[in-house]
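Engineer: In case it's useful when we look at the structure, here is the feature table from Swiss-Prot:
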SIGNAL    1-28  signal peptide
CARBOHYD  N53  N-linked glycosylation site
CARBOHYD  N60  N-linked glycosylation site
DISULFID  C103-C111  disulfide bond
ACT_SITE  S105  active site, nucleophile
DISULFID  C159-C170  disulfide bond
CARBOHYD  N184  N-linked glycosylation site
CARBOHYD  N200  N-linked glycosylation site
ACT_SITE  D222  active site
CARBOHYD  N239  N-linked glycosylation site
ACT_SITE  H277  active site
CARBOHYD  N283  N-linked glycosylation site
Amino acid sequence: MTASRPKALQTFCLLLPLLVWMVDRSLCYKPVIVVHGLFDSSANFKNLLQYINESHPGTNVTVLDLFDNKESLQPLWKQVQGFKEAIYPIMQNAGRDGVHLLCYSQGGLICRGLLQTMPDHNVDTFISLSSPQMGQYGDTDYLRYLFPTYVKSNLYRLCYTQMGQTFSICNFWNDPHHHGIYVNVSDFLAPLNSERPEPNATDWKKNFLRLRKMVLIGGPDDGVITPWESSHFGFYDENETVLEMKYQMVYQDDTFGLRSMDYRGAITVYGVPGVVHTMWHSNQTVFKNCIEKWLT
């Protein structure tokens with residue numbers, strides 16, 4: 001009886017480092033908060049949840065079930081407020097360790113709204129997955145479904161009105177041929193980018209720069225985000241020639257902290273061909289190559 005005790009103790013001592021390593025691995029993963037896109041819901045992210053659980057077991061992942069499906073057409077500032085109320089307790093529970101934000105499509109703009117308006121957020125890494133960060137200007141199936149009597153060239157007549165700005169898609173509709181109207185009328189993207197005088201611009205920039213890392217993911221075969229380079233903060237000029245992020249006014253003037261983030265090496269950009277818009281969050285190769293390493 002007494003002879004077996006040293007052996008048991010020896011076995012326990014041998015296993016202890018492995019047990020500690022296993023516990024440490026699950027404890028070191030920051031909580032992940034996922035925000036869905038237009039006409040989406042939490043039900044569409046089962047594959048992503050599986051990928052995270054397989055690669056980082058024990059990670060606390062929350063796919064927020066707010067503004068689902070047609071409710072995702074609600075004005076973006078309203079959605080920002082709703083998501084803020086849901087996210088804040090998760091951030092508080094995470095404490096100093098912080099959280100990661102993984103935001104898809106329209107959700108990427110909602111997350112920017114959160115980041116810029118929350119002075120005490122503790123987001124470590126913001127992953128923007130095929131999100132129109134510089135806006136949208138293109139004839140897509142979504143546009144034809146929502147506004148069947150309009151095309152991209154005349155949608156500004158609806159979007160740049162008080163009624164139009166009650167639709168989320170109009171909040172980031174960025175017509176390069178009517179830029180002046182966009183700047184004056186846009187309720188969301190123009191003030192978020194500080195493209196017009198904004199009384200909160202200094203505070204919003206400071207809040208955004210609390211981020212440690214921003215990851216921008218998009219690709220040429222997306223088929224919805226137009227131009228697709230908007231997912232990388234690129235956009236059309238008045239001739240519909242795409243100018244990359246570094247040639248955008250918001251970067252050159254550092255209106256909300258984009259250039260500052262880039263200068264400190266805090267932005268990583270992935271351009272992935274062969275992925276259509278609705279498959280970004282289900283594509284395992286995208287997860288392995290562009291997302292997994294940032295969720296530690």
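Every residue gets a Cβ built from N, Cα and C, even glycine.
Remember, predicted model here, so these are calculated numbers, not experimental data.
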Engineer: Distance check, please: Cα of C103 (disulfide bond) against Cα of H277 (active site), rounded to an integer number of angstrom.
Structural biologist: 13
Engineer: Among the recorded positions N53, S105, N184, N200, N239, which residue has the fewest other Cβ atoms within 10 Å of its own Cβ?
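Structural biologist: Counting other Cβ atoms within 10 Å of each of the recorded positions N53, S105, N184, N200, N239 gives the minimum at N239.
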Engineer: Please report the three-state DSSP label of C159 (disulfide bond).
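Structural biologist: The residue in question, C159 (disulfide bond), is helix (DSSP, three-state).
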Engineer: Cα within 10 Å of H277 (active site) is the criterion; apply it to the recorded positions N53, S105, C111, N239 and give the hits in sequence order.
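Structural biologist: Cα within 10 Å of H277 (active site): S105.
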Engineer: What residue among the glycosylation sites N60, N283 has the most other CB atoms lying within 10 A of its CB?
Structural biologist: N283
Engineer: Among all protein chains shown, how many Cβ atoms are found within 10 Å of the Cβ of C170 (disulfide bond), not counting that one?
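Structural biologist: Cβ-Cβ neighbours of C170 (disulfide bond) within 10 Å number 27.
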Engineer: Determine, using Cα-Cα distances only, which of these recorded positions is closest to C159 (disulfide bond): N53, S105, N200.
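Structural biologist: The smallest Cα gap between C159 (disulfide bond) and any of the recorded positions is with S105.
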Engineer: Find the one among the recorded positions N60, S105, C111, D222, N239 whose C-alpha lies closest to that of N283 (N-linked glycosylation site).
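Structural biologist: Closest by Cα distance to N283 (N-linked glycosylation site) among the recorded positions N60, S105, C111, D222, N239: D222.
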